[in-house]
Amino acid sequence: MSRVPQRPPWSTPRQALSSQQLDRLYTAVMVALGLWLAVWLLLPWDSLHDTALTYLRVATDLDANRSIWAGGSDWGTGRLSLLYVPLLMLVHSLFNYAVALRVVSTIGYVVLIARLALGLSERVRRAGPLTLLLSVLAVAVLCTPAAVFWLNDGTETSFGLLIVLMIVMRTRRVMRHGTSSSWPLAFWCVAAVLLRVEMFYGAMAVCIMLSLWATDEVGGKPARSRRSAVATPWQTPLIAGVCALAALIILRLVLQIGLPLHATLWPVSWGWAAVSAWLSLLEARSFGWGLLALWIVSAALLYRIPHRVKVARVANLLPIFVLLTLILRGEQISFAAELAWPILFAILWNILEISTAERDQTVAAPLVVQGAIAAFSLVLLLGVSLPWEGPLVLRAMHSRRDQLRLMQEHPLGLLVGLHGIADDPGAVGYFTLAPICNPGRPMGARMAPDDYPERLHACVAARPDFAFLDQRQVNDLALQMDLSAWSICQSFDVQGLSTHDQHFLVASPNATERVCLASHGLAVPLASMLPPPEHATDVDSIQ
(Lines of atoms letter the chains of each structure in order from A and count residues from 1; the text may use other names and numbers.)
(Lines give C-alpha, C1' and ligand atoms only; values in the text may rest on other atoms or scores of the structure.)
Protein backbone atom coordinates (compact mmCIF):
# COMPACT_ATOMS: atom_id res chain seq x y z
CA MET A 1 0.00 0.00 0.00
CA SER A 2 1.39 3.37 -0.99
CA ARG A 3 1.93 5.85 1.80
CA VAL A 4 0.01 9.12 1.53
CA PRO A 5 2.20 12.14 2.37
CA GLN A 6 1.02 13.89 5.51
CA ARG A 7 0.57 17.63 5.71
CA PRO A 8 2.55 19.49 8.34
CA PRO A 9 0.67 19.73 11.68
CA TRP A 10 0.17 23.48 11.17
CA SER A 11 -1.33 22.96 7.73
CA THR A 12 -4.95 22.63 6.70
CA PRO A 13 -6.37 22.73 3.16
CA ARG A 14 -7.56 26.32 3.63
CA GLN A 15 -4.70 27.62 5.77
CA ALA A 16 -1.64 26.06 4.19
CA LEU A 17 0.87 28.43 2.64
CA SER A 18 3.03 27.09 -0.14
CA SER A 19 6.76 27.74 -0.16
CA GLN A 20 6.26 30.20 -3.02
CA GLN A 21 3.68 32.16 -1.03
CA LEU A 22 5.90 32.22 2.06
CA ASP A 23 8.82 33.36 -0.07
CA ARG A 24 6.81 36.15 -1.74
CA LEU A 25 5.47 37.38 1.59
CA TYR A 26 8.92 37.35 3.17
CA THR A 27 10.45 39.15 0.17
CA ALA A 28 7.78 41.86 0.26
CA VAL A 29 8.38 42.51 3.96
CA MET A 30 12.16 42.60 3.45
CA VAL A 31 11.82 45.13 0.61
CA ALA A 32 9.65 47.34 2.83
CA LEU A 33 12.15 47.11 5.68
CA GLY A 34 14.98 47.88 3.26
CA LEU A 35 13.29 51.09 2.09
CA TRP A 36 12.59 52.05 5.71
CA LEU A 37 16.23 51.47 6.62
CA ALA A 38 17.50 53.46 3.64
CA VAL A 39 15.63 56.54 4.89
CA TRP A 40 17.15 56.28 8.36
CA LEU A 41 20.65 55.77 6.99
CA LEU A 42 20.40 59.13 5.21
CA LEU A 43 19.75 60.97 8.49
CA PRO A 44 22.52 62.96 10.30
CA TRP A 45 25.60 61.53 8.66
CA ASP A 46 28.12 62.67 11.27
CA SER A 47 26.19 61.39 14.31
CA LEU A 48 28.90 59.31 15.95
CA HIS A 49 29.38 57.58 19.29
CA ASP A 50 32.20 58.84 21.50
CA THR A 51 33.78 55.38 21.50
CA ALA A 52 34.05 55.54 17.71
CA LEU A 53 36.28 58.59 18.03
CA THR A 54 38.34 56.74 20.62
CA TYR A 55 38.96 54.08 17.99
CA LEU A 56 39.84 56.76 15.45
CA ARG A 57 42.30 58.43 17.83
CA VAL A 58 43.97 55.06 18.41
CA ALA A 59 44.04 54.51 14.64
CA THR A 60 45.71 57.92 14.27
CA ASP A 61 48.35 57.00 16.85
CA LEU A 62 48.87 53.66 15.12
CA ASP A 63 49.32 55.35 11.74
CA ALA A 64 51.72 57.98 13.05
CA ASN A 65 53.74 55.95 15.55
CA ARG A 66 53.05 52.30 14.62
CA SER A 67 51.90 51.83 18.21
CA ILE A 68 48.54 52.39 19.89
CA TRP A 69 50.24 53.36 23.16
CA ALA A 70 52.78 55.82 21.74
CA GLY A 71 50.34 58.73 22.02
CA GLY A 72 50.58 58.58 25.80
CA SER A 73 46.89 57.83 26.35
CA ASP A 74 45.45 55.09 28.55
CA TRP A 75 42.18 54.07 26.91
CA GLY A 76 40.55 52.47 29.94
CA THR A 77 37.12 52.15 28.37
CA GLY A 78 38.10 52.07 24.70
CA ARG A 79 37.33 48.36 24.14
CA LEU A 80 40.22 48.35 21.69
CA SER A 81 39.85 46.08 18.69
CA LEU A 82 42.81 44.58 16.87
CA LEU A 83 40.51 44.04 13.90
CA TYR A 84 38.57 47.32 13.80
CA VAL A 85 41.31 49.86 14.51
CA PRO A 86 43.55 48.92 11.53
CA LEU A 87 40.47 49.03 9.29
CA LEU A 88 39.74 52.56 10.48
CA MET A 89 43.37 53.52 9.97
CA LEU A 90 43.13 52.44 6.33
CA VAL A 91 39.85 54.26 5.64
CA HIS A 92 40.87 57.37 7.60
CA SER A 93 43.79 57.86 5.23
CA LEU A 94 41.24 58.35 2.44
CA PHE A 95 38.43 60.33 4.12
CA ASN A 96 37.89 62.77 6.97
CA TYR A 97 36.91 61.50 10.43
CA ALA A 98 33.11 61.57 10.01
CA VAL A 99 33.04 59.98 6.57
CA ALA A 100 35.62 57.35 7.55
CA LEU A 101 33.67 56.20 10.58
CA ARG A 102 30.28 56.23 8.90
CA VAL A 103 31.50 54.49 5.74
CA VAL A 104 32.91 51.59 7.73
CA SER A 105 29.98 51.44 10.15
CA THR A 106 27.30 51.71 7.46
CA ILE A 107 28.90 49.00 5.34
CA GLY A 108 28.98 46.67 8.33
CA TYR A 109 25.37 47.46 9.23
CA VAL A 110 24.00 47.05 5.70
CA VAL A 111 25.88 43.79 5.15
CA LEU A 112 24.53 42.52 8.49
CA ILE A 113 20.91 43.20 7.50
CA ALA A 114 21.35 41.87 3.95
CA ARG A 115 23.11 38.68 5.06
CA LEU A 116 20.55 38.06 7.79
CA ALA A 117 17.62 38.55 5.41
CA LEU A 118 19.15 36.29 2.74
CA GLY A 119 20.21 33.62 5.21
CA LEU A 120 16.78 33.38 6.80
CA SER A 121 15.00 33.42 3.43
CA GLU A 122 16.33 29.93 2.71
CA ARG A 123 14.82 28.71 5.96
CA VAL A 124 11.49 30.42 5.36
CA ARG A 125 11.21 28.78 1.95
CA ARG A 126 11.69 25.30 3.41
CA ALA A 127 9.85 25.67 6.71
CA GLY A 128 6.53 27.24 7.71
CA PRO A 129 4.72 30.30 9.06
CA LEU A 130 6.36 30.21 12.50
CA THR A 131 9.81 30.54 10.95
CA LEU A 132 8.48 33.33 8.73
CA LEU A 133 7.18 35.35 11.68
CA LEU A 134 10.32 34.92 13.80
CA SER A 135 12.60 35.73 10.86
CA VAL A 136 10.70 38.89 10.01
CA LEU A 137 10.85 39.95 13.66
CA ALA A 138 14.60 39.34 13.85
CA VAL A 139 15.24 41.61 10.86
CA ALA A 140 12.66 44.19 11.98
CA VAL A 141 14.21 44.59 15.45
CA LEU A 142 17.58 45.32 13.82
CA CYS A 143 15.94 47.97 11.60
CA THR A 144 14.20 50.00 14.32
CA PRO A 145 15.31 53.63 14.87
CA ALA A 146 17.03 52.64 18.11
CA ALA A 147 18.92 49.87 16.29
CA VAL A 148 20.10 52.40 13.67
CA PHE A 149 21.25 54.64 16.52
CA TRP A 150 23.31 51.91 18.17
CA LEU A 151 24.50 49.88 15.17
CA ASN A 152 25.40 52.70 12.78
CA ASP A 153 27.32 54.95 15.17
CA GLY A 154 30.87 54.39 13.99
CA THR A 155 31.69 51.59 16.44
CA GLU A 156 32.31 47.90 15.75
CA THR A 157 28.94 46.74 17.14
CA SER A 158 27.39 45.95 13.76
CA PHE A 159 30.50 44.00 12.75
CA GLY A 160 30.22 42.01 15.97
CA LEU A 161 26.64 41.02 15.17
CA LEU A 162 27.64 40.19 11.59
CA ILE A 163 30.37 37.85 12.82
CA VAL A 164 27.90 36.22 15.22
CA LEU A 165 25.56 35.61 12.28
CA MET A 166 28.35 34.04 10.25
CA ILE A 167 29.41 31.83 13.16
CA VAL A 168 25.87 30.53 13.63
CA MET A 169 25.45 29.85 9.91
CA ARG A 170 28.82 28.12 9.70
CA THR A 171 28.10 26.02 12.78
CA ARG A 172 24.87 24.79 11.24
CA ARG A 173 26.74 24.00 8.04
CA VAL A 174 29.30 21.97 9.98
CA MET A 175 26.46 19.97 11.48
CA ARG A 176 25.18 19.23 7.99
CA HIS A 177 28.39 18.64 6.06
CA GLY A 178 31.01 17.70 8.62
CA THR A 179 34.65 18.78 8.81
CA SER A 180 34.71 20.17 5.27
CA SER A 181 33.53 23.45 6.81
CA SER A 182 35.76 23.43 9.90
CA TRP A 183 38.31 26.01 8.78
CA PRO A 184 35.80 28.71 7.73
CA LEU A 185 34.19 28.35 11.15
CA ALA A 186 37.59 28.67 12.81
CA PHE A 187 38.23 31.82 10.74
CA TRP A 188 35.06 33.49 12.03
CA CYS A 189 35.84 32.46 15.62
CA VAL A 190 39.25 34.13 15.32
CA ALA A 191 37.66 37.23 13.78
CA ALA A 192 35.23 37.40 16.71
CA VAL A 193 38.02 37.32 19.30
CA LEU A 194 40.13 39.88 17.45
CA LEU A 195 37.13 42.19 17.14
CA ARG A 196 36.02 41.94 20.77
CA VAL A 197 37.93 39.87 23.30
CA GLU A 198 34.74 38.99 25.21
CA MET A 199 33.44 37.19 22.13
CA PHE A 200 35.86 34.40 23.07
CA TYR A 201 32.96 33.17 25.23
CA GLY A 202 30.88 32.78 22.07
CA ALA A 203 33.65 30.80 20.36
CA MET A 204 33.84 28.46 23.35
CA ALA A 205 30.04 28.07 23.34
CA VAL A 206 30.24 26.95 19.70
CA CYS A 207 32.91 24.38 20.60
CA ILE A 208 30.72 22.99 23.40
CA MET A 209 27.67 22.85 21.14
CA LEU A 210 29.59 21.01 18.42
CA SER A 211 30.95 18.58 20.99
CA LEU A 212 27.46 17.82 22.26
CA TRP A 213 26.20 17.38 18.71
CA ALA A 214 29.06 15.05 17.78
CA THR A 215 28.30 12.71 20.68
CA ASP A 216 24.53 12.96 20.55
CA GLU A 217 22.45 10.00 19.45
CA VAL A 218 19.37 10.41 17.31
CA GLY A 219 17.34 7.40 16.33
CA GLY A 220 19.71 5.09 18.22
CA LYS A 221 22.74 6.00 16.04
CA PRO A 222 25.65 8.19 17.14
CA ALA A 223 26.44 11.29 15.15
CA ARG A 224 29.72 9.88 13.80
CA SER A 225 27.82 7.12 11.99
CA ARG A 226 25.23 9.56 10.72
CA ARG A 227 27.87 11.87 9.21
CA SER A 228 30.46 9.94 7.27
CA ALA A 229 32.28 13.21 6.54
CA VAL A 230 33.13 13.52 10.23
CA ALA A 231 36.23 11.36 10.48
CA THR A 232 36.86 12.55 14.04
CA PRO A 233 33.86 13.98 15.92
CA TRP A 234 36.08 16.32 17.95
CA GLN A 235 38.01 17.72 14.98
CA THR A 236 35.80 20.77 14.32
CA PRO A 237 35.42 22.02 17.93
CA LEU A 238 39.12 21.36 18.50
CA ILE A 239 40.19 23.40 15.47
CA ALA A 240 37.83 26.28 16.32
CA GLY A 241 38.82 26.27 19.99
CA VAL A 242 42.57 26.21 19.34
CA CYS A 243 42.31 29.02 16.77
CA ALA A 244 40.22 31.19 19.11
CA LEU A 245 42.69 30.57 21.93
CA ALA A 246 45.57 31.52 19.64
CA ALA A 247 43.80 34.80 18.82
CA LEU A 248 43.38 35.44 22.55
CA ILE A 249 47.11 34.91 23.09
CA ILE A 250 47.90 37.32 20.24
CA LEU A 251 45.73 39.98 21.87
CA ARG A 252 47.57 39.49 25.12
CA LEU A 253 51.00 39.74 23.51
CA VAL A 254 50.29 42.58 21.05
CA LEU A 255 47.80 44.82 22.86
CA GLN A 256 48.22 43.53 26.42
CA ILE A 257 44.49 42.81 26.43
CA GLY A 258 43.21 39.66 28.08
CA LEU A 259 39.89 38.25 29.18
CA PRO A 260 38.68 40.27 32.19
CA LEU A 261 38.34 37.26 34.50
CA HIS A 262 38.61 39.20 37.76
CA ALA A 263 35.56 39.58 40.00
CA THR A 264 34.79 42.12 42.69
CA LEU A 265 33.99 40.83 46.17
CA TRP A 266 31.63 43.67 46.95
CA PRO A 267 27.91 42.83 46.61
CA VAL A 268 27.23 46.56 46.30
CA SER A 269 29.19 46.55 43.04
CA TRP A 270 27.18 43.54 41.84
CA GLY A 271 23.94 45.37 42.51
CA TRP A 272 25.21 48.50 40.80
CA ALA A 273 26.25 46.46 37.76
CA ALA A 274 22.84 44.76 37.63
CA VAL A 275 21.14 48.15 37.78
CA SER A 276 23.38 49.45 35.00
CA ALA A 277 22.40 46.43 32.87
CA TRP A 278 18.73 47.27 33.36
CA LEU A 279 19.32 50.96 32.61
CA SER A 280 21.29 50.10 29.47
CA LEU A 281 18.38 47.92 28.34
CA LEU A 282 16.03 50.87 28.77
CA GLU A 283 18.50 53.15 26.99
CA ALA A 284 18.62 50.73 24.05
CA ARG A 285 14.84 51.18 23.59
CA SER A 286 13.20 48.92 21.01
CA PHE A 287 16.57 47.51 19.98
CA GLY A 288 17.13 46.27 23.52
CA TRP A 289 13.73 45.06 24.64
CA GLY A 290 12.95 43.82 21.13
CA LEU A 291 15.96 41.48 21.14
CA LEU A 292 15.22 40.41 24.71
CA ALA A 293 11.56 39.66 24.00
CA LEU A 294 12.36 37.81 20.78
CA TRP A 295 14.93 35.70 22.61
CA ILE A 296 12.43 34.76 25.32
CA VAL A 297 9.68 33.94 22.81
CA SER A 298 11.93 31.88 20.53
CA ALA A 299 13.45 29.98 23.45
CA ALA A 300 10.02 29.25 24.95
CA LEU A 301 8.79 27.89 21.61
CA LEU A 302 11.90 25.81 21.04
CA TYR A 303 11.79 24.22 24.47
CA ARG A 304 8.33 22.86 23.70
CA ILE A 305 9.57 21.01 20.62
CA PRO A 306 10.79 17.45 21.36
CA HIS A 307 14.46 16.57 20.74
CA ARG A 308 15.47 20.19 20.04
CA VAL A 309 16.76 21.24 23.44
CA LYS A 310 20.15 19.73 24.29
CA VAL A 311 22.47 21.72 22.01
CA ALA A 312 20.20 24.77 22.03
CA ARG A 313 20.48 24.93 25.81
CA VAL A 314 24.11 26.04 25.49
CA ALA A 315 23.18 28.77 23.00
CA ASN A 316 20.47 30.09 25.33
CA LEU A 317 22.75 29.99 28.37
CA LEU A 318 25.37 32.16 26.64
CA PRO A 319 23.58 35.53 27.26
CA ILE A 320 23.04 34.60 30.90
CA PHE A 321 26.69 33.61 31.31
CA VAL A 322 27.95 36.84 29.71
CA LEU A 323 25.63 38.94 31.87
CA LEU A 324 26.78 37.18 35.05
CA THR A 325 30.45 37.74 34.22
CA LEU A 326 29.78 41.45 33.71
CA ILE A 327 27.87 41.70 36.98
CA LEU A 328 30.52 39.81 38.96
CA ARG A 329 33.15 42.23 37.65
CA GLY A 330 31.01 45.12 38.86
CA GLU A 331 31.17 46.84 35.48
CA GLN A 332 28.99 49.51 33.97
CA ILE A 333 27.20 47.54 31.27
CA SER A 334 26.36 48.67 27.75
CA PHE A 335 23.60 46.59 26.17
CA ALA A 336 24.55 47.29 22.56
CA ALA A 337 28.25 46.56 23.03
CA GLU A 338 28.17 43.68 25.50
CA LEU A 339 24.78 41.97 25.57
CA ALA A 340 23.35 42.31 22.06
CA TRP A 341 25.73 39.81 20.45
CA PRO A 342 25.07 36.83 22.81
CA ILE A 343 21.32 37.45 22.67
CA LEU A 344 21.38 37.57 18.86
CA PHE A 345 23.41 34.35 18.89
CA ALA A 346 20.68 32.61 20.91
CA ILE A 347 17.88 34.07 18.77
CA LEU A 348 19.41 32.92 15.51
CA TRP A 349 20.05 29.44 16.86
CA ASN A 350 16.48 29.16 18.12
CA ILE A 351 15.02 30.27 14.78
CA LEU A 352 17.15 27.79 12.84
CA GLU A 353 16.18 24.95 15.17
CA ILE A 354 12.50 25.85 14.90
CA SER A 355 12.75 26.00 11.11
CA THR A 356 14.28 22.51 11.07
CA ALA A 357 11.46 21.24 13.27
CA GLU A 358 8.86 22.78 10.95
CA ARG A 359 10.56 21.24 7.95
CA ASP A 360 10.54 17.85 9.70
CA GLN A 361 6.85 18.35 10.62
CA THR A 362 7.38 18.01 14.37
CA VAL A 363 5.71 21.28 15.40
CA ALA A 364 2.23 20.85 16.82
CA ALA A 365 -0.58 23.10 15.61
CA PRO A 366 -1.29 24.65 19.06
CA LEU A 367 2.37 25.68 19.33
CA VAL A 368 2.18 27.42 15.96
CA VAL A 369 -0.88 29.35 17.11
CA GLN A 370 0.80 30.36 20.37
CA GLY A 371 3.93 31.41 18.53
CA ALA A 372 1.92 33.45 16.05
CA ILE A 373 0.11 35.26 18.87
CA ALA A 374 3.41 36.08 20.60
CA ALA A 375 5.01 37.21 17.34
CA PHE A 376 2.10 39.46 16.39
CA SER A 377 2.17 40.94 19.90
CA LEU A 378 5.83 41.88 19.42
CA VAL A 379 5.05 43.37 16.02
CA LEU A 380 2.30 45.45 17.62
CA LEU A 381 4.63 46.67 20.38
CA LEU A 382 7.26 47.65 17.82
CA GLY A 383 4.66 49.53 15.80
CA VAL A 384 3.36 51.37 18.87
CA SER A 385 6.88 52.37 19.96
CA LEU A 386 7.88 53.95 16.65
CA PRO A 387 5.92 57.25 16.95
CA TRP A 388 7.62 58.22 20.20
CA GLU A 389 10.96 56.50 19.66
CA GLY A 390 11.65 58.08 16.27
CA PRO A 391 11.76 61.70 17.55
CA LEU A 392 13.97 60.66 20.49
CA VAL A 393 16.46 59.02 18.15
CA LEU A 394 16.48 62.03 15.81
CA ARG A 395 17.07 64.41 18.71
CA ALA A 396 19.96 62.30 20.03
CA MET A 397 21.48 62.04 16.54
CA HIS A 398 21.35 65.80 16.06
CA SER A 399 22.88 66.33 19.51
CA ARG A 400 25.81 64.06 18.67
CA ARG A 401 26.28 65.83 15.36
CA ASP A 402 26.16 69.32 16.90
CA GLN A 403 28.65 68.39 19.63
CA LEU A 404 31.16 67.03 17.14
CA ARG A 405 30.76 69.99 14.78
CA LEU A 406 31.29 72.40 17.67
CA MET A 407 34.47 70.62 18.70
CA GLN A 408 35.68 70.52 15.11
CA GLU A 409 35.19 74.28 14.75
CA HIS A 410 37.34 75.01 17.81
CA PRO A 411 41.15 74.90 17.48
CA LEU A 412 41.43 72.16 20.09
CA GLY A 413 44.66 71.04 18.46
CA LEU A 414 46.33 73.78 20.52
CA LEU A 415 46.13 71.41 23.49
CA VAL A 416 48.73 69.04 22.03
CA GLY A 417 51.31 68.35 24.72
CA LEU A 418 48.95 68.91 27.64
CA HIS A 419 47.66 66.02 29.74
CA GLY A 420 43.94 65.47 30.25
CA ILE A 421 41.39 63.37 32.12
CA ALA A 422 38.14 62.22 30.50
CA ASP A 423 35.58 59.53 31.26
CA ASP A 424 34.39 59.92 27.65
CA PRO A 425 37.74 60.37 25.93
CA GLY A 426 36.75 59.86 22.30
CA ALA A 427 35.94 63.30 20.90
CA VAL A 428 38.22 65.33 23.16
CA GLY A 429 41.06 62.87 22.61
CA TYR A 430 40.70 62.88 18.83
CA PHE A 431 40.38 66.63 18.33
CA THR A 432 43.08 67.63 20.87
CA LEU A 433 45.53 64.79 20.11
CA ALA A 434 46.58 65.22 23.75
CA PRO A 435 47.41 62.28 26.04
CA ILE A 436 44.17 61.33 27.81
CA CYS A 437 43.86 59.27 30.98
CA ASN A 438 40.51 57.54 31.28
CA PRO A 439 39.54 56.48 34.82
CA GLY A 440 36.65 54.42 33.45
CA ARG A 441 36.56 50.65 33.18
CA PRO A 442 40.00 49.01 33.24
CA MET A 443 41.23 47.32 30.10
CA GLY A 444 43.55 44.37 30.49
CA ALA A 445 46.90 45.05 32.11
CA ARG A 446 47.17 48.67 31.04
CA MET A 447 45.66 49.92 34.28
CA ALA A 448 45.78 47.41 37.14
CA PRO A 449 43.56 48.91 39.90
CA ASP A 450 39.97 47.75 39.63
CA ASP A 451 38.44 50.37 41.90
CA TYR A 452 37.31 53.62 40.27
CA PRO A 453 38.83 55.93 42.95
CA GLU A 454 42.16 54.12 42.55
CA ARG A 455 42.09 54.53 38.80
CA LEU A 456 41.12 58.18 39.18
CA HIS A 457 43.98 58.65 41.63
CA ALA A 458 46.35 57.16 39.05
CA CYS A 459 45.14 59.74 36.53
CA VAL A 460 45.52 62.55 39.06
CA ALA A 461 49.08 61.45 39.78
CA ALA A 462 49.96 62.33 36.17
CA ARG A 463 49.22 66.00 37.04
CA PRO A 464 46.54 66.75 34.41
CA ASP A 465 46.28 70.15 32.76
CA PHE A 466 42.61 69.86 31.77
CA ALA A 467 39.62 67.57 32.16
CA PHE A 468 36.50 66.81 30.14
CA LEU A 469 33.88 65.67 32.66
CA ASP A 470 30.24 66.01 33.64
CA GLN A 471 29.04 67.38 36.99
CA ARG A 472 29.20 64.05 38.85
CA GLN A 473 32.66 63.27 37.49
CA VAL A 474 33.90 66.73 38.47
CA ASN A 475 32.69 66.07 42.01
CA ASP A 476 34.56 62.75 42.04
CA LEU A 477 37.71 64.48 40.84
CA ALA A 478 37.33 67.13 43.56
CA LEU A 479 37.65 64.36 46.14
CA GLN A 480 41.07 63.47 44.74
CA MET A 481 42.64 66.89 44.12
CA ASP A 482 42.16 70.57 44.82
CA LEU A 483 40.08 72.15 42.04
CA SER A 484 39.35 75.47 43.73
CA ALA A 485 41.65 77.37 41.36
CA TRP A 486 40.53 75.56 38.21
CA SER A 487 38.31 77.21 35.60
CA ILE A 488 35.50 76.20 33.25
CA CYS A 489 36.38 77.10 29.67
CA GLN A 490 33.53 75.54 27.68
CA SER A 491 30.51 73.26 28.06
CA PHE A 492 29.02 70.76 25.62
CA ASP A 493 25.51 69.30 25.67
CA VAL A 494 25.38 65.50 25.43
CA GLN A 495 21.95 64.07 24.58
CA GLY A 496 21.22 60.34 24.74
CA LEU A 497 18.01 58.47 24.05
CA SER A 498 16.87 58.92 27.64
CA THR A 499 19.57 61.08 29.24
CA HIS A 500 20.80 64.62 28.94
CA ASP A 501 23.80 66.15 30.65
CA GLN A 502 26.55 68.65 30.14
CA HIS A 503 30.25 67.93 29.84
CA PHE A 504 32.60 70.69 30.96
CA LEU A 505 36.05 71.42 29.61
CA VAL A 506 37.90 72.58 32.73
CA ALA A 507 41.52 73.69 33.04
CA SER A 508 44.19 73.99 35.71
CA PRO A 509 45.50 77.46 36.60
CA ASN A 510 48.63 77.02 34.48
CA ALA A 511 46.66 75.90 31.42
CA THR A 512 43.51 78.03 31.68
CA GLU A 513 44.52 80.62 29.10
CA ARG A 514 45.55 77.99 26.56
CA VAL A 515 42.52 75.75 27.06
CA CYS A 516 40.03 78.63 26.92
CA LEU A 517 41.70 79.97 23.78
CA ALA A 518 41.46 76.55 22.13
CA SER A 519 37.78 76.18 23.04
CA HIS A 520 36.73 79.79 22.29
CA GLY A 521 35.49 80.15 25.85
CA LEU A 522 35.75 82.56 28.76
CA ALA A 523 37.22 81.33 32.02
CA VAL A 524 34.63 80.85 34.77
CA PRO A 525 35.75 79.74 38.26
CA LEU A 526 35.09 76.04 38.73
CA ALA A 527 34.56 76.59 42.45
CA SER A 528 31.01 77.74 41.70
CA MET A 529 29.94 74.19 40.80
CA LEU A 530 31.97 72.24 43.37
CA PRO A 531 30.25 70.56 46.34
CA PRO A 532 30.42 72.34 49.72
CA PRO A 533 33.64 71.70 51.66
CA GLU A 534 31.83 69.65 54.33
CA HIS A 535 31.01 67.01 51.70
CA ALA A 536 34.62 66.57 50.64
CA THR A 537 36.93 63.97 52.15
CA ASP A 538 40.41 64.53 53.50
CA VAL A 539 42.75 63.34 50.78
CA ASP A 540 46.19 64.36 49.67
CA SER A 541 45.57 67.07 47.11
CA ILE A 542 47.62 67.36 43.96
CA GLN A 543 47.70 70.75 42.35
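Placement of Cβ uses the backbone N, Cα and C atoms for every residue, glycine included.
Residues or ranges marked as transmembrane segment in TrEMBL: 25-43, 94-118, 130-151, 157-173, 185-214, 234-254, 261-281, 287-304, 311-328, 334-352, 364-388.
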Next item on the list: Sort out the residues at least 6 away from either end of the transmembrane segment (157-173), same chain, that have Cβ-Cβ distances under 8 Å to it, and list them.
Entry: 83-84, 105, 108-109, 111-112, 115-116, 119, 142, 150-151, 181, 184-185, 188-189, 191-192, 195-196, 199, 202-203, 206, 209-210, 336-337, 340-341, 344-345, 348-349, 352
Next item on the list: Please indicate, using numbers and ranges, the residues of the same chain that are 6 or more beyond the transmembrane segment (94-118) and have a C-beta under 8 Å from a C-beta there.
Entry: 30, 33-34, 37, 41, 45-46, 48, 52-53, 55-56, 87-88, 138-139, 142-143, 148, 151-156, 158-159, 161-162, 165-166, 404, 430
Item checked: Interface-richest range of 130-151, 185-214, 311-328 toward the transmembrane segment (364-388), CB pairs under 8 Å -> 130-151
Next item on the list: Compare 25-43, 130-151, 185-214, 234-254 by their Cβ pairs under 8 Å to the transmembrane segment (311-328) and return the stretch that comes out on top.
Entry: 185-214
Next item on the list: Would you mind listing the long-range same-chain contacts of the transmembrane segment (25-43), meaning Cβ under 8 Å and 6+ residues beyond its ends?
Entry: 17, 106, 109-110, 113, 117, 120-121, 124-125, 132, 135-136, 139-140, 143, 145, 148, 152, 394, 397
